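A.B. asks: Sharing a structure below in structure tokens format, with a few things to ask.
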Amino acid sequence: MIAMIRYLSELLDQRGRRHLYAMLAAQAGQGVLQGLGFLLVAPLVATLTTAPVDWGRFWLWAGAIVAAVSAHHALLAWSTSRGYVVGTDVLTGFHERLGNHLATLPIGWFRGDRTGPIGRMLGKGTMDVANVPAHLLRHVVVGITAPTTMIIGSFLLDWRIGLAFAAGAVLCASALRLLMVIVRRNDDDYEHDIGLSASRIVEYARRQPTLRAYGVLDRPELGTLEESLVRQQGSQARLTIRGAWGLIAFFGALQLVVTAVIALTVLFTLQGTMTVAVMIGLMIVTLRMLDPISQLGELAGTVQVNADAIGRVRALLEVPPLPEPAVPAEPAGTGIELRGVRFGYDDVDGGGPVVLDGIDATIPAGSFTAVVGPSGAGKSTLLKLIGRFFDVTEGSIRIGGRDVRELGSAGVSRLTAQVFQDVYLFEGTIADNLRMAAPDATGADLDRVARVARLDEVVERLPNGWDTRVGEAGSTLSGGEKQRVSIARALLKDAPVVLLDEATAALDPANEAAVAGAIAELARERTVIVVAHRLSTVVAADRILVLDQGRITEHGDHDTLLAAGGTYARFWAERVRARGWQLR
Ligand SMILES: Nc1ncnc2c1ncn2[C@@H]1O[C@H](COP(=O)(O)OP(=O)(O)OP(=O)(O)O)[C@@H](O)[C@H]1O
């Protein structure tokens, strides 16, 4: 609870923190006043049991009760409205902190399987976090302070009952703890599974063409979505059933304590060691205490779920961002040097199995380098490290003589244009998609890069030309057309270094020729590194790096490598064979 309040306060600015603490103080005061209101019934009843009745004292106690109840309601109204203000502040702080932090994370951190959990965190997680000050804290704070006040007061009325209450409080607190531990353990699994299902649903929708092409829509053994939904249902059922056992334990303990206290109160009264006034007062206290404590029990699960949501936000906020230089270095040129580069994926700290193992390479400014090698050799990873999607585990990557870590992410982004295998086009027009690279680009600029990237013929053919909406993820353009848009976008950015991960998917001859021409144009007067899958691209390169199992095994130009008769010669022979077969 204390930790939850601390986390919340971290999401707030100073003004928000003041609001939070004032609200908590009001809620604590509210609990104390509620407890007092019930405790004061005992002295009130006591005045009625004396003969003659002391009406002066009676009205004094009655006035005190009315004052306590009124003050309690005033604080309740104030703290409830304050709760909404703090909830809104937390929501704003949460979005701001999370947004700012996500922007500093390595690009490589945003893997496909993270889309579901991040989406859930920003949707339901956001509401869970804001819900804590807006609705939950009041019940928790009052649920603790009101019974505590009543227990302390009951010591004054009868120390034996006070002791019984104190023992009962320990028992109930332990049961509550148990309930929360059960919920926390099972909620972690449930959240993990629901996040996974969300990612799978997105994947399932995006992979429809492949799934339908192979007719595997109804085969559960192939459907990871089905598996993840079944897992999610299982973890949800476990959370509900185990949580219910926790609740039964808590309410059982509460019932036991109440029964024991009532039995003791009656016993002491019958023995004549407790007055009737104290008995009535304690009975009222016991029964009224049930209310806030039951509410605490009923909400404990929700409190834990929300505390977990806050914990997940914190965990995300603790993912280390890429370190950025205080003053970014300026590159001198656009040559690229890789020295002793080692890297392994393990989320973002590179501690996983080694993917690149001691890469040394010099890529002169203005050259066109093709990287080839078997699938999984680490070609795309190499490109991503140059673009600073991640930092290397060991060694260094320099552009223009400066380490990419000294250039900073923004510096590297300014220097490089990147064309990926999976071209993602945003909802909007083709022109909008190009202008992402240069918001101020004129129509003439667009026409110029379209000519170079062979996009002009696509634009001319489309009914609304540049204003044609591409549909979400570019679903209305063919693969080759999307690549041309992506290359045109890179051209428009006009960065001196181009990192291009050529799509593995085969293109029709017209598209292949157009894309090859576009790449050749892109390579003019720029430093270009291409993960090459097509012969036309490899042939166009000045220099070829052959990557195998994370190491550069051969490098040189096409003729030299072919004559060497090694991995490259085999790669070339296979591709030529495959192409020959395709054309026949
Ligand atoms: N985000 C990631 N997290 C963990 N492992 C990854 C990640 N991306 C790639 N890998 C692993 O790193 C290794 C190298 O992958 P990479 O994509 O760089 O190979 P590649 O040579 O480009 O392959 P391909 O030609 O098939 O695209 C592979 O074993 C791959 O499974």
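Placed from the backbone N, Cα and C atoms, the Cβ positions cover glycine too.
Those TrEMBL annotations? Automatic predictions, nothing curated.
According to TrEMBL, the record shows the following:
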type: TRANSMEM; residues: 20-46; note: transmembrane segment
type: DOMAIN; residues: 22-304; note: domain 'ABC transmembrane type-1'
type: TRANSMEM; residues: 58-78; note: transmembrane segment
type: TRANSMEM; residues: 136-157; note: transmembrane segment
type: TRANSMEM; residues: 163-183; note: transmembrane segment
type: TRANSMEM; residues: 244-268; note: transmembrane segment
type: DOMAIN; residues: 336-574; note: domain 'ABC transporter'
A.B. asks: Over the span of the domain 'ABC transporter' (336-574), how high is the average pLDDT in this prediction?
C.D. replies: 83
A.B. asks: Give residue numbers and ranges for long-range contacts of the transmembrane segment (163-183): same chain, 6 or more residues beyond its ends, CB-CB under 8 A.
C.D. replies: 147-148, 150-151, 154-155, 239, 242-243, 245-247, 249-250, 252-254, 256-258, 260-261, 264, 293, 296-297, 300-301, 303-305
A.B. asks: Given a Cβ distance threshold of under 8 angstroms, which distant residues of the chain, six or more beyond its ends, lie next to the transmembrane segment (244-268)?
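C.D. replies: Non-local partners: 158, 160-161, 164-165, 167-169, 171-172, 174-176, 178-180, 182-183, 274, 279, 282-283, 286-287, 290, 293-294, 297-298, 300-301.
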A.B. asks: Do any residues of this chain, six or more beyond the ends of the transmembrane segment (136-157), have a C-beta under 8 angstroms from a C-beta of it, and if so which?
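C.D. replies: Residues packing against the transmembrane segment (136-157) from afar: 1, 5, 23-24, 27-28, 30-32, 34-36, 38-39, 42, 76, 79-80, 83, 163, 165-166, 169, 278, 281-282, 285, 288-289, 292-293, 295-296, 299, 302-303, 306.
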